[in-house]
């Protein structure tokens, strides 16, 4: 569903691919049917109503993105995605649409009145995209995934920066952003509500380096038969330091540390030299963690009142006062 409070317009996506539109009465006790859009060949997965342009954007299980004119009901255009879409966001100013799908890809399209152009695709998740959130002021896109991570794509910086945020033990189910405080709220299947401070200078995680031997002690890894034979040593298992990205053995990476500015709020493997270099200030958390005590599948954040609504698989709706942490 997609609801616009200004017009009280409610758009509902159905299993047969139809989008039904209603106008709610002022007391919310009556729904008046307006029109139907024959948008998809199978179940509608995401809907977004854009009041400024009078557009209805939608995706379906038919791997198709489409947008309609809400005044005439006419189909304006469409685009076929690589997988079933599970996230949809739109920037009114530039008319860019962001589509996250179950393959883990984020597709960016430029929409015109009757056509669209593929701008680029982002690939950073190892699991499917489960949620998208757009900050039109800082021009940052957040994507949550079934791989338990959130990625911040800095589109406004135009430098290709992608910051990974690791704070969940299960798939991320929903995202919401408080623009006035620059805080991201992520909710997951682990029942966690994580409030991220995005008003700090974060660092990209380094790419993992390839090597046939430990880049600290030069011991061969178990596939490096030549060096094992020459040195008469048994090969070791390869690991990677999350701080510098170097390929290291277990002996040279026996320590664990949190690296909040890199998005690692939990302790992760680091090499011994990086562990010594990380200061207590760098270990200071940049997120707060809260237990909702249910598997969250949907959230809505009311920034004016500081209230967060969560609904879970336990058929329970909870209302949270977030003013103590989102302020």
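A Cβ is built for glycine as well, from the same backbone N, Cα and C atoms used for every other residue.
What TrEMBL says about this one:
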type	residues	note
REPEAT	122-155	repeat 'WD'
REPEAT	165-199	repeat 'WD'
DOMAIN	208-279	domain 'FYVE-type'
REPEAT	289-322	repeat 'WD'
Counting each residue once, how many in the repeat 'WD' (289-322) are helix, strand and coil under DSSP?
0 helix, 21 strand, 13 coil
For the repeat 'WD' (165-199), mean pLDDT (0 to 100):
93
Reduced to three DSSP states, the repeat 'WD' (165-199) has 0 helix, 21 strand, 14 coil
Structural state census, the domain 'FYVE-type' (208-279) (DSSP three-state)
19 helix, 20 strand, 33 coil
With DSSP as the reference, give the number of residues of the repeat 'WD' (122-155) in helix, strand and coil.
0 helix, 21 strand, 13 coil
